[in-house]
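Student: One structure coming up, written as structure tokens, with questions to follow.
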Amino acid sequence: MAGLAPEGSQFDARQYDAKMTELLGTEQEEFFTSYDEVYDSFDAMGLQENLLRGIYAYGFEKPSAIQQRGIVPFCKGLDVIQQAQSGTGKTATFCSGVLQQLDYSLVECQALVLAPTRELAQQIEKVMRALGDYLGVKVHACVGGTSVREDQRILQSGVHVVVGTPGRVFDMLRRQSLRPDHIKMFVLDEADEMLSRGFKDQIYDIFQLLPPKIQVGVFSATMPPEALEITRKFMNKPVRILVKRDDVTLEGIKQFYVNVDKEEWKLETLCDLYETLAITQSVIFVNTRRKVDWLTDKMRTRDHTVSATHGDMDQNTRDIIMREFRSGSSRVLITTDLLARGIDVQQVSLVINYDLPTQPENYLHRIGRSGRFGRKGVAINFVIKDDERMLSDIQRFYNVVIEELPANVADLL
């Protein structure tokens with residue numbers, strides 16, 4: 001969220017609103033149109049029969065709030081900016097919109113979806129393929145850390161949708177392995193991360209190569225003003241579906257903190273929790289890759305079965321670890337913020353922030369794992385003296401109260 005807070009200060013949610021007004025000024029109403037139609041069921045949305053079959057087979061019964069308002073405008077071909085918290089079915093919203101509009105008789109890339117991490121791109125690929133199963137959709141994920149030749153071979157054979165990370169997608173466009181001629185839909189997922197300084201230039205480069213008349217969808221959990229500002233350059237009369245600040249409360253997830261006197265005592269606190277609680281699956285977040293390795297080693301020496309994943313590991317190793325965690329053969333995953341957005345594990349009941357995130361907005365991506373699609377979850381934050389300011393910032397940012405962990409925590413899981 002660079003540029004929102006003065007250097008050296010913590011993020012203040014009030015600056016978000018002031019900055020957005022300043023950026024958009026009096027043109028705000030002209031640039032955005034709010035979209036307020038609500039559909040209480042998937043059947044009422046006018047979707048293809050085989051898409052509905054895929055949606056129900058995937059396990060959806062009733063559309064979430066973002067799906068009730070977000071699927072239809074995308075299906076109508078409108079440019080859309082949609083904001084909803086992590087775990088609310090955002091991915092299925094744009095996947096449904098894409099799948100509804102594809103011409104399946106034309107085996108050419110018609111939709112391009114960009115995501116900030118390999119894990120998230122692969123997760124989107126899985127959702128797109130599952131929802132489009134009865135439609136015969138061909139989807140491919142172009143991500144770094146995989147074979148360029150294999151990407152070229154699959155793209156040459158023909159796909160309807162490409163999901164990928166900006167670097168590899170731009171490489172495929174540059175090599176002309178991915179031909180943009182038939183692309184009519186362009187989606188940015190996790191736009192807050194995508195449009196951060198690291199990816200902005202690559203996204204511009206990709207956008208320049210796409211056909212001029214293209215539908216653009218921007219989907220994100222948080223929507224910093226710089227993301228809104230940049231979308232002005234890409235989008236034509238977009239409709240906006242933004243969650244009001246007061247609504248971003250991560251409903252259904254109970255949030256607690258534990259005061260820990262010293263950093264060195266966090267390990268004892270963690271082990272005590274695992275000895276007293278019956279936990280099905282949990283994710284533990286720390287702030288550095290080195291700490292992932294350190295904590296994994298310490299937990300294993302105390303006979304706790306844990307898995308670990310971070311950005312220094314090669315893609316194949318990370319895939320194997322995530323597969324084990326999804327299948328339940330590993331119950332505890334230790335990781336960093338880098339991979340928070342790619343973890344989609346339905347049975348996660350507990351998220352532990354061993355370290356509080358360094359940015360308030362990352363808190364959402366971390367604990368949004370623990371109560372996906374209405375499943376209840378618990379988030380526990382370890383807080384040392386130096387963290388008190390950040391805990392206060394997080395509570396103000398999301399308009400939530402995080403209470404001290406009660407003695408009867410076992411009853412909550």
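Cβ coordinates are placed from backbone N, Cα and C, and glycine is handled just like the others.
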Student: Can you dig out which of the ranges 9-12, 189-192, 329-332 Swiss-Prot describes as motif 'DEAD box'?
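Tutor: From Swiss-Prot, the annotated motif 'DEAD box' range turns out to be 189-192.
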Student: Quick check on the annotations: Swiss-Prot lists motif 'Q motif' for one of 40-68, 243-271, 272-300. Which range is it?
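Tutor: When 40-68, 243-271, 272-300 are checked in Swiss-Prot, motif 'Q motif' belongs to 40-68.
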Student: Just jot down the residues in the same chain as Thr91 (ATP binding site), at least 6 apart in sequence, with C-beta under 8 A of its C-beta; none if empty.
Tutor: Gln123, Ile124, Val127, Asp189, Phe219
Student: Per DSSP, what is the residue tally for the motif 'DEAD box' (189-192) in helix, strand and coil?
Tutor: 2 helix, 1 strand, 1 coil
